[in-house]
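**Q** These came from Swiss-Prot, pasted as-is:
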BINDING   H79, D142, D199  Zn(2+) 1 binding site
ACT_SITE  D81  active site
BINDING   D142, E177, H381  Zn(2+) 2 binding site
ACT_SITE  E176  active site, proton acceptor
Amino acid sequence: MKNEIIERFTKYVQVDTQSDPNSDTCPSTPGQWTLAKMLVEELKAIGMEEVTIDENGYIMATLPANTDKDVPTIGFLAHMDTAPEFTGANVKPQIVENYDGNDIILNEALHIVLSPKDFPELANYKGHTLITTDGTTLLGADNKAGIAEIMTAMAYLIQHPEIKHGKVRVAFTPDEEIGRGPHKFDVAKFGAKYAYTVDGGPLGELEYESFNAAEAKIKFKGKNVHPGTAKGKMINSMKIAMEFHAQLPANEAPEHTEGYEGFYHLLSFQGNVEETALHYIIRDFDREQFEARKAKMREIAAKLQEKYGKERIAIEIKDQYYNMREKIEPVREVVDIAYEAMKNLNIEPKISPIRGGTDGSQLSYMGLPTPNIFTGGENFHGRYEYISVDNMIKATNVIIEIIKLFEQKA
């Protein structure tokens with residue numbers, strides 16, 4: 001399984017599938033189509049049935065049941081795109097066999113080093129086979145590791161018909177990183193009772209709570225006058241924007257929060273005297289706190305409108321997704337089986353809230369309860385991203401074990 005999973009994963013990451021929030025197409029980038037076509041061919045080649053790809057790049061496939069029992073159909077999902085924040089072009093994966101616990105030189109020429117001093121969790125990977133970047137791109141383990149693990153699990157089950165299982169559905173989706181993953185996902189066509197996204201990080205991660213999420217866009221209009229004659233006339237839109245930002249609680253930002261704490265995050269600040277635009281994301285696990293955060297932003301905007309004139313400030317807030325716990329708690333079995341699968345394989349499940357969202361956050365509200373399980377990756381979305389092949393194999397085995405447990409319990 002080791003060589004098979006390395007081969008799959010390193011092949012996928014070499015396709016640039018960075019998504020683009022400024023694109024209106026689906027998928028948002030042509031690279032995602034390139035990978036999608038490869039995956040469709042591979043699904044057919046390993047023997048999956050009902051392999052389809054729709055006009056929006058959503059891939060679905062079936063592993064038919066080989067048992068007479070009435071087993072609920074379950075699904076596994078992973079996303080094809082990589083994060084827009086860091087380049088995914090010309091990824092050159094590097095394989096570190098039997099990691100010794102010391103610094104890993106990612107790029108000698110550029111002096112880029114993956115060091116346990118900066119990333120102490122590297123100590124957990126002594127003796128593992130790691131896959132890293134060459135220091136100039138992200139790796140794309142988020143979420144091509146999930147694709148490789150699902151594909152390898154399906155190939156294994158097809159090669160081992162003695163393992164009894166119900167019907168399994170698989171989906172590979174576009175544009176998760178820009179929050180659009182499930183927007184055009186056909187839950188009815190997928191036809192699963194439960195699903196799992198294989199989109200988590202380190203070994204043992206099992207997540208069924210996500211943020212409630214919104215984005216806020218605030219536009220400030222100023223009045224530009226020659227600075228030499230500006231007294232009493234100029235209105236500097238950037239200064240109003242700074243005033244807005246200064247009224248948000250400084251300690252409620254990503255760099256000061258953890259666990260169940262929510263935040264306001266200023267993503268971009270673009271402006272000049274005449275016009276400035278702020279773009280925020282708002283996150284909280286608690287629904288009431290989430291609503292209070294949005295209200296706080298509107299309140300600050302209203303105060304500044306009073307001070308500078310209503311026409312000078314426009315605020316728009318849009319909800320993006322909600323905490324999936326509300327939809328998963330009532331069908332707790334979907335989490336319990338994943339927990340048991342890990343325990344059966346001597347993996348300690350680590351249940352924690354996702355300080356982010358997955359496609360599962362939205363799918364759970366679309367009628368498909370979808371918790372998230374680990375891939376084995378670390379440091380997603382940047383040049384220090386890496387993954388343990390040993391833990392990729394464990395993730396693959398967890399997928400197989402979940403499928404076996406659903407059949408055994410039917």
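A Cβ is built for glycine as well, from the same backbone N, Cα and C atoms used for every other residue.
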**Q** Would you count the other C-beta atoms found within 10 angstroms of the C-beta of D199 (Zn(2+) 1 binding site) for me?
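**A** The answer is 28 other Cβ atoms.
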**Q** Given the Zn(2+) 1 site residues H79, D142, D199, which other residues of that chain have a Cβ within 8 Å of the mean position of their Cβ atoms, reported in sequence order?
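**A** Apart from H79, D142, D199, the close residues are A78, N143, G146, E176, E177, T197, V198, T358, D359, T375.
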**Q** Please report how many Å separate the Cα atom of H79 (Zn(2+) 1 binding site) from that of E177 (Zn(2+) 2 binding site), as a whole number.
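**A** Distance between the two Cα atoms comes out at 8 Å.
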**Q** Long-range neighbours only, meaning 6 or more apart in sequence with Cβ under 8 Å: which ones does H381 (Zn(2+) 2 binding site) have?
**A** A83, E85, F86, L138, D142
**Q** Counting across all protein chains shown, how many other Cβ atoms sit within 10 Å of the Cβ of E176 (active site, proton acceptor)?
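**A** Neighbour count, Cβ to Cβ under the 10 Å cut-off: 26.
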**Q** Can you tell me how far the Cα of E177 (Zn(2+) 2 binding site) sits from the Cα of the residue listed as 'active site', in Å?
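**A** Pair distance, Cα basis, whole Å: 7 Å.
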**Q** Give the sequence-ordered list of residues that share a chain with D81 (active site), lie 6 or more positions from it, and have CB atoms under 8 Å from its CB.
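**A** Those within reach of D81 (active site), by Cβ under 8 Å and sequence separation of 6 or more, are T17, Q18, S19, P27, S28, T29, Q32, N143, P174, D175, E176, E177, I178.
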**Q** Helix, strand or coil by DSSP: which one applies to H79 (Zn(2+) 1 binding site)?
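**A** Looking at the DSSP assignment, H79 (Zn(2+) 1 binding site) belongs to a strand.
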**Q** Quick one: what's DSSP say for D142 (Zn(2+) 1 binding site), helix, strand or coil?
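**A** Once the DSSP labels are grouped into three classes, D142 (Zn(2+) 1 binding site) ends up as helix.
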**Q** What number of additional C-beta atoms lies within 10 angstroms of the C-beta atom of H79 (Zn(2+) 1 binding site)?
**A** 27
